[in-house]
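Per TrEMBL, the features are as follows:
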- Arg65, His66, Thr194: phosphate binding site (BINDING)
- Met193, Asn217, Tyr218, Ala219: substrate binding site (BINDING)
- 23-251: domain 'Nucleoside phosphorylase' (DOMAIN)
- Glu176: site 'Important for substrate specificity' (SITE)
- Val229: site 'Important for substrate specificity' (SITE)
Amino acid sequence: MKDIMSSYQIQEQNTHNEKVDAVIIGGLAFSSLKNFQLNPVNTSFGKVDVYIGKIFDRNIAVIPRHSGEQNHVPPHRINYRANIQAVYELKAERIISVNSVGSMKDHIPGSFILFDDFLDFTKHRISTFFDNKTMHVDMSQPYCPQIKKRLSESLVCRGLNYFGGVYACTEGPRFETKAEINMLSHFADFVGMTGVPEIILAKELDICYASIGLVTNYACGLSSERLTVDEVMDVVNDSRNLLYDVISDTISRLPENRDCSCMYATYNARI
């Protein structure tokens, strides 16, 4: 992955010198970042607010994907390329993503999900770093098995059930229509708005990426109640502590070296 970003000019080098063991993208598990140090990273695509801290003596970074100068950034306006390039600049090799999702099946709100695959139904998002060369990056195993295994262990040891399944990412920021959910439910199990192109961009930089999903609601049309943001936030707030514990334990379980195929995602990909 040495020369992948060579076509981009880095505006300012990262000021954090210690190795970052993992980056958490998404702020659901962190009600407060007061024990973390703000370490802005300037990338070719803009500045990213990165928070550096420690969990079980492991150096971690947190990127709240919705944070911005004008409060909450909607999913279709998130600077995904900047966020993933910031991970690259930190020399981190692993990302744990936290995503709130709607269930298109019968998973009750509060359920945890370890995704197996994804479908991209976004429309206007830039989903590659490679505009000047053709790279056919392998996506046969999109979510890192090494991280998923540790997430699974952390959930199981707490007596928490979890589900697998396919994640469908839509453009947002609106909720989906009943007709859209009816169509998507034939191909996927969960629907959300932030997992893509994040995972694709991580693959393009040979970075391990796994996601833990939190079911916050039933998708549109599966409940007789009107879907509201309030019910989503209620589930998020009720699950923060559990998410933090699971992610913290997962990070403590991660081996120092990678043994997955993620590091070779771009191998022989260039035409």
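For all residues, glycine too, the Cβ spot is worked out from N, Cα and C.
Quantities reported herein were computed from a predicted structural model and do not represent experimental measurements.
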Calculate the distance in Å between the alpha carbons (Cα) of His66 (phosphate binding site) and Tyr218 (substrate binding site), and round it to a whole number.
22
Residues near the substrate site, Met193, Asn217, Tyr218, Ala219 excluded, by Cβ within 8 Å of the Cβ center?
Val101, Gly102, Ser103, Met104, Phe175, Glu176, Ile181, Val191, Gly192, Val215, Thr216, Cys220, Leu222, Leu227, Val232
Could you round the CA separation between Tyr218 (substrate binding site) and Glu176 (site 'Important for substrate specificity') to a whole angstrom and send it over?
11
Where the distance is taken from Cα to Cα, which of the recorded positions Glu176, Met193, Asn217, Ala219, Val229 turns out closest to Arg65 (phosphate binding site)?
Met193
Radius 10 Å, atoms counted are CB only; among the binding-site residues Arg65, His66, which position scores highest?
Arg65
Nearest to Val229 (site 'Important for substrate specificity') by Cα, among Met193, Thr194, Asn217 (binding-site residues)?
Asn217
At the Cα level, what's the spacing in Å between Ala219 (substrate binding site) and Glu176 (site 'Important for substrate specificity'), rounded?
8
Which whole-number value in Å describes the distance between the Cα atoms of Thr194 (phosphate binding site) and Glu176 (site 'Important for substrate specificity')?
14
Tell me which of the recorded positions Asn217, Val229 sits in the most Cβ-dense spot, judged by other Cβ atoms within 10 Å.
Asn217
Cα-Cα distance, maximum over Met193, Asn217, Tyr218, Ala219, record's substrate binders, Å:
15
To the nearest whole angstrom, what is the C-alpha distance linking Asn217 (substrate binding site) and Glu176 (site 'Important for substrate specificity')?
12
Just checking a number: largest C-alpha distance across Arg65, His66, Thr194 for the phosphate site, rounded to a whole Å.
10
Taking only the residues in the domain 'Nucleoside phosphorylase' (23-251), give me the average pLDDT of this model.
93
Secondary structure at Glu176 (site 'Important for substrate specificity'), reduced by DSSP to three states:
coil
